[in-house]
């Protein structure tokens, strides 16, 4: 008996090791190109040397260079165009979100590994459509990252080149003014690029993971169009809810702290720009506006990804209810036969049934999807699933809504309205204090 239990435990350990080996990354897997870009961005921590280099680059470009830029390179005796009164808010905001993003990304990769973090180890259980679409989105995510980073970096480059070339600083720390300005300009631009890239990288990765769950939900919606039983539907929905709970648990600190950092940055900017002595010239406040735009863009990526997947997950309830109704109607029609009752004939005369290919479907456009649409579900459920089972499944969906949560609060559209109301109340309070002090 003891040998049998030992053999069973050994087989379980072997299965766990096989599963763990499946989640490991190797040099020639589907993450090869993605990992190469992470190395170029100096955020890869796959080995000891890469980890040391990653932390070294982070300390240099997120801490050292911003401090030198603020305390040494910003000239105190510059003219009105080259003065930088909002530099402290810009440096603190970018360094704060960069540090938050870098620490969270380091924790994710160290604890889960890149494959497990991106749920690539779970793709073997998905359909071919989900795997193909997710790999396409994975390759496309880097393009999305550059779409957000490069315009901000181009605007910052124009500002920094103008600021240094027009005599913004005269600190010859290398013995030559021109060489010193070139080196300082390159360091500041590299610091800006690094901090915004790290922040947008974590936001784009969250969007990528949410897109995988949307693909799963689309695949899950097809269950209602085939002859499936309640247990299959319930098991698949529980699996999706578990993955959404994992994503929420991993990203909840980052989303909350990012919201706090961005809100604090925006209110500090608003407080400084609404003073009576504030100078809002483009040469002075342009960099602050660019910083605020970058932070808000990253925050919108996070919130939009969370709200979108929550909306899709909660729309399953509507789809299941429609599936239940259509199955019930089909079952009654099958029992009653082909002769329609008088009430149905009168109803058809008052509300004529139109075909799905009518012009009404063309008027809707892209507002309807596989969850929220006005098409009938051609269900086969009446032949295999009883009314009580379908009703129990719909009741389960109504009382177990899935989605991205933030410490128990569902990140849906109503939550966004609450955030907007709180932000607006704080803005109005701050403006009231500012106007009262001016008066």
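Residue numbers in this text run from 1 along the chain shown.
Positions of Cβ are set from backbone N, Cα and C atoms, glycine also.
From the options 285-303, 304-322, 323-341, the stretch TrEMBL describes as transmembrane segment is 285-303. TrEMBL assigns the feature transmembrane segment to residues 92-109, out of the candidate ranges 20-37, 74-91, 92-109.
The feature transmembrane segment, as given by TrEMBL for the ranges 171-191, 192-212, sits at 192-212. Of the given residue ranges 254-273, 354-373, 374-393, TrEMBL assigns the label transmembrane segment to 254-273. Ranked by the number of CB pairs under 8 Å to the transmembrane segment (49-72), the listed stretches 92-109, 144-164, 192-212, 254-273, 285-303 are led by 92-109.
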